[in-house]
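Visitor: Okay, here's the structure, questions in a sec.
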């Protein structure tokens, strides 16, 4: 095939060590794999922005799509091995840039990085090979700093974190276009009801600790076990004579954390208590409570740059989302007629026009992702020499293997309070296969039509402010392992399905965002509630701080308890003004009048029970949109369909044409 030399040009500014690179849909551009992307070289300085250029040989007359990104190209771990690429920012327009070269030589001036067709769309990168350490100081359970020295007991403190790693020799410093080692990065974030702030630098005396504010330090590194992290503590509200006579005014002490301490624990999350040493005498004057999480890249799976929906939401009318499929069948006032979180329940909601079906996912003992709402279930046991053969024992789902979940007689924990336990167990035993609880996530992905969206709630143990834990489980899986298994299952089996993750656990949301670049996540929050007990995590206590957290983590949006939205409807427009998508959930959403109000107020999605009570069997909005597109593109289809599309026409009516639409709503176009 005739070659064409294409010179790609982009303008933009970089941090020291960063490069611009291009990644696209052909071999020469890496086939969307950033590890095989082509780095651009600097041409000249054009004032505020530098021109970057790469000349690449493409096939003439063949259309190619591509995107630009900026990041680091690191030294290979082994001699002759592949280099590692860290993506800091990348272009995520729904339609990538494209070119069809028709000449032997061509120059493509793509203007400013991130701007395509006059629209700027950039997203942060994901973890490719680096590790992220998060250190947090907050008042969720108790004040993070405790001082024993009498004269400081009532003082307020400011904290500054200093990051130390291996020092580089001068010979190791290289130009930004050559492979190099990644320098450690530090970002400081302050999250509250009113705002969030992200900074790469700190004041000389750091930031103040406040009861209503979450302080977080994010460190990205290639050497997670080789860092020294130093907390310096400064007293606030100093008198003038103290300030004038001190080179470090108010500095009272220091606490040191070696990252190897975290690495050796083998845990993805935890709390460390560090001694604070006096500045002068080096005696212990108190302690600091440091909450941490470690986020590792997703192993065994490489995210590509073909598409991303992490921050994309198409403007539409509010979407109907089937809660646990066809609805709550265990704990609400009016129970669903189909058992919740089963394939039958999900299929029922889908057949009644649900745009998405919402369900809960966690792991069995042998690490199989299963769909089930509660963290515990009841195991049926038969007692010897007892006329009543049914005895129920509550057991965590995580203590049973997938095969045991399929074979043992299990029932919902509400059976413990049931007057007729035997009846509930018999009902479980006589269920049809699609009515069986605990289907695997893979089974659900394979069983339902691809044009039904999935809102996958990732279950995790939550602690209440009174100290109680969900299911009385104070320990759970390792968070990295837990999410790696669930995310890989989804990424490898999702096809073209629309997927939105959600979770009540803020750290789960953070990890999902950092581990993959394809699917969005919503932060679930109950806000201020008279129904549910307050949660321990400060980020979960109010809808405003949930918004700030979602902005800070660059999430798609929030999923708010309807009780809180009905009490504070202004939250809806406030969230939208901050660029967030907003869903709602809760029993109040089951009221059709509440749904009408919420839709008028602009909620993007409503999760509710028994969708079959309100909507007839019909295609969902995605199927209708697909059919409308086909009608516009294929005139022959118009004669086969009635003007008002309320459901798909059977393919038999289109017998005279080569075009038909399958009953499941997936278009099947032959010879068109």
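Including glycine, each Cβ sits where the backbone N, Cα and C put it.
Straight out of Swiss-Prot:
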- 70, 88, 89: substrate binding site (BINDING)
- 1-115: domain 'CBM20' (DOMAIN)
- 318-618: domain 'GP-PDE' (DOMAIN)
- 175: phosphoserine (MOD_RES)
- 424: phosphoserine (MOD_RES)
- 608: phosphotyrosine (MOD_RES)
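Tell me about the surroundings of these features in the structure.
Guide: Around residue 70 (substrate binding site), a 10 Å sphere centred on its CB holds 25 further CB atoms from the protein chains shown. DSSP assigns residue 70 (substrate binding site) to a strand.
Using DSSP to sort the residues of the domain 'CBM20' (1-115) gives these counts of helix, strand and coil: 6 helix, 64 strand, 45 coil.
Around residue 608 (phosphotyrosine), a 10 Å sphere centred on its CB holds 27 further CB atoms from the protein chains shown.
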Visitor: Name them in sequence order: residues not among 70, 88, 89 whose Cβ is within 8 Å of the mean position of the Cβ atoms defining the substrate site.
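Guide: Residues close to the substrate site, other than 70, 88, 89: 14, 18, 69, 71, 87, 90, 122, 124, 125.
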Visitor: Between the binding-site residues 88, 89, whose Cβ has more other Cβ atoms within 10 Å than any of the rest?
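Guide: Counting Cβ neighbours within 10 Å, the top one is 89.
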Visitor: In whole Å, how far is residue 608 (phosphotyrosine) from residue 89 (substrate binding site) when you measure between their Cα atoms?
Guide: 37
Visitor: Can you give me the average pLDDT across the domain 'GP-PDE' (318-618), rounded to a whole number?
Guide: 91
